[in-house]
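Report on one structure; see the data block that follows.
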Amino acid sequence: MPKGQIAHRHKALFIGIGAVALLLVGAGAGVVLLLSGAYSTAATKQHFGITYRILELGLRYSVASNAEDIVVPDLGRVANVNIGYACYRRYCVQCHGAPGVARDPLGRGQLPSPSSLSESARDWPAAHLFYVTQQGVRMSGMPAWEYRISSEGLWSTVAYLKAMPFMTVAQHRELDESSADETCPAPTAAAAYTRERTQIMFRQYACDNCHIIGGMVGPKTHVGPSLKGWRERKYIAGVLPNTRENLVRWIVAPQDFSPHTMMPDLDVIEPHARQMARYLMTEE
């Protein structure tokens with residue numbers, strides 16, 4: 001082999017080794033920083049400027065990529081701004097505020113701080129707003145509303161968001177009064193059963209915050225009993241025979257069967273409860 005080729009291969013090898021070494025050093029430094037406790041997780045400490053810009057850039061590219069197949073309907077035909085504001089008033093104004101309406105203390109104390117949606121609604125396409133409202137944003141405090149608001153309610157919320165930047169305070173107060181009797185529609189059906197979607201349901205109803213659930217990654221919490229091997233149980237909370245139909249009834253309204261149970265009513269709709277029961281009854 002010619003000396004030139006040998007030298008070129010040696011150079012490539014050294015560059016590769018150097019790159020791996022740099023990655024290992026960087027990873028090691030990150031582990032040391034993490035374990036030392038030097039990196040503050042306090043919500044009163046702002047991210048570094050570069051961290052903030054990278055997260056913002058990553059958010060925009062991620063939303064654009066995931067929302068590209070969303071078909072935006074004719075919002076003037078299928079959406080209702082009054083219903084959209086009813087959803088916004090119930091679920092969003094606490095963190096984001098509205099024209100002439102302050103955020104609740106909950107929304108003021110978060111980091112990153114929830115943005116004013118007047119600017120986002122003006123700058124972001126409707127498909128992007130729908131995706132973020134439906135799916136949420138991980139590790140930001142932005143919830144996913146897919147399992148609490150119907151498709152009609154989500155698109156109506158988008159219609160409201162697109163109208164909001166152009167409202168005066170007086171116009172917004174009129175909307176608040178005219179929509180006083182409106183309610184935000186909840187889903188009435190569930191998509192076809194899949195194991196993965198049902199795991200999302202468990203997380204969206206915060207079931208894994210109290211229970212260990214078979215097949216799921218989550219906190220190792222023992223607030224409530226483990227749900228692993230559920231189909232082997234004889235009774236549900238000691239009050240109902242453990243059948244799939246009884247499990248559905250328990251998930252929807254546990255305190256109807258055991259008034260002093262620590263299990264709260266989580267507003268689980270029956271189609272979701274049926275999929276949860278199916279999962280638990282078939283999971284090893």
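Using the three backbone atoms N, Cα and C, a Cβ is placed for every residue, glycine included.
As recorded in TrEMBL:
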TRANSMEM  12-35  transmembrane segment
DOMAIN    79-165  domain 'Cytochrome c'
DOMAIN    193-284  domain 'Cytochrome c'
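Helix first, then strand, then coil: DSSP counts for the domain 'Cytochrome c' (79-165) stand at 51 helix, 4 strand, 32 coil. A mean pLDDT of 94 is what the model gives for the domain 'Cytochrome c' (79-165).
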